[in-house]
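Colleague: Got a structure for you, written out below as structure tokens; questions coming shortly.
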């Protein structure tokens, strides 16, 4: 494993260069502000008068259309949703990309799956924080940062790695450490983590536990606390201290019960399912399905979202969070 820290990196390669951050969502807003505060010349590319246009201006950023930002940029850092990157790149960015420019990402999806295909005379790089945009910004303001990844798909100028690491440092990532990877590895492991564990697997596990208790006659509110609410406490402990630290912090009853009963829940069949998830990422099945979904304006996804909102655990959870003063206004 190759890891880069503050002392390994300087931002000299960025001097005199303009970075155009395309998009101003959670990551776009955080990364552009961090780089600007670190002295990098940053402009933001957006859809004119879109939802983020005024917000970026209020934040003091220089805001331009995608095309105008691409014309001025030496480095084009694309932080748009995966499903619209290809269209925006081909129509509003690619016509203005010049030899020696750098095309940058924080997720390798569109490059790895061949949806965006820059010419051979430009750099293709990635620097990616391992955390949400809110943490990217708050840890930077606290004088630290969150861990990150860096990858080089194409080095046309000979200094692509220095450019990517310079931006990672300007965002604060090298204070925690930046691990070298590849676009393939980042894309496939990121998608797998989201689908099998973090977003798909975890929510399914929580809901199954909740339903098991409710179906056995326990109060839904108690079931929610025991299977959903307390997840954060355990995850925070693992985040800071690992599995070993978590086991030390819970009671002996919880430790013994967890270690002797977890195989009832996560079985070899579960692992077979995880391997299927990974296989469909690797062979392009998921990419095709996601593209087909977006071709229908995400009709199926919208139906699934609506169904999720009606799940008993969601109804009970919202009621409890409000009652306990835990729910923040959107």
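Any Cβ shown, glycine's included, is placed from N, Cα and C.
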Colleague: According to Swiss-Prot, 24, 25, 26, 27, 47, 52, 82, 83, 84, 85 bind NADP(+); which one of 131, 133, 143, 145 is listed for that same site?
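Modeller: Looking through 131, 133, 143, 145, the residue Swiss-Prot assigns to the NADP(+) site is 133.
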Colleague: Round to the nearest Å and give the CA-to-CA distance linking residue 226 (Mg(2+) 2 binding site) with residue 251 (substrate binding site).
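Modeller: Cα-Cα, rounded: 15 Å.
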Colleague: Take the Cβ of residue 47 (NADP(+) binding site) and count every other Cβ within 10 Å, whichever protein chain it belongs to.
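Modeller: For residue 47 (NADP(+) binding site), the count of other Cβ atoms within 10 Å is 16.
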Colleague: Out of 26, 82, 133, 251, point to the one nearest residue 190 (Mg(2+) 2 binding site) in space (Cα versus Cα); all of them are binding-site residues in the record.
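Modeller: Result for residue 190 (Mg(2+) 2 binding site): the nearest of the binding-site residues is 82.
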Colleague: Rounded to the nearest angstrom, how far is the Cα of residue 194 (Mg(2+) 1 binding site) from the Cα of residue 133 (NADP(+) binding site)?
Modeller: 16
Colleague: Say you check the Cα of residue 230 (Mg(2+) 2 binding site) against those of the binding-site residues 26, 47, 251; which is nearest?
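Modeller: Going through 26, 47, 251 one by one, the closest to residue 230 (Mg(2+) 2 binding site) is 251.
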Colleague: Any idea which of the binding-site residues 82, 194 has the thinnest Cβ neighbourhood at 10 Å?
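Modeller: So among 82, 194, the binding-site residues given, the one with the fewest Cβ atoms within 10 Å is 194.
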Colleague: On the three-state reduction of DSSP, what should I expect for residue 230 (Mg(2+) 2 binding site)?
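Modeller: Where residue 230 (Mg(2+) 2 binding site) sits, the three-state DSSP reduction gives coil.
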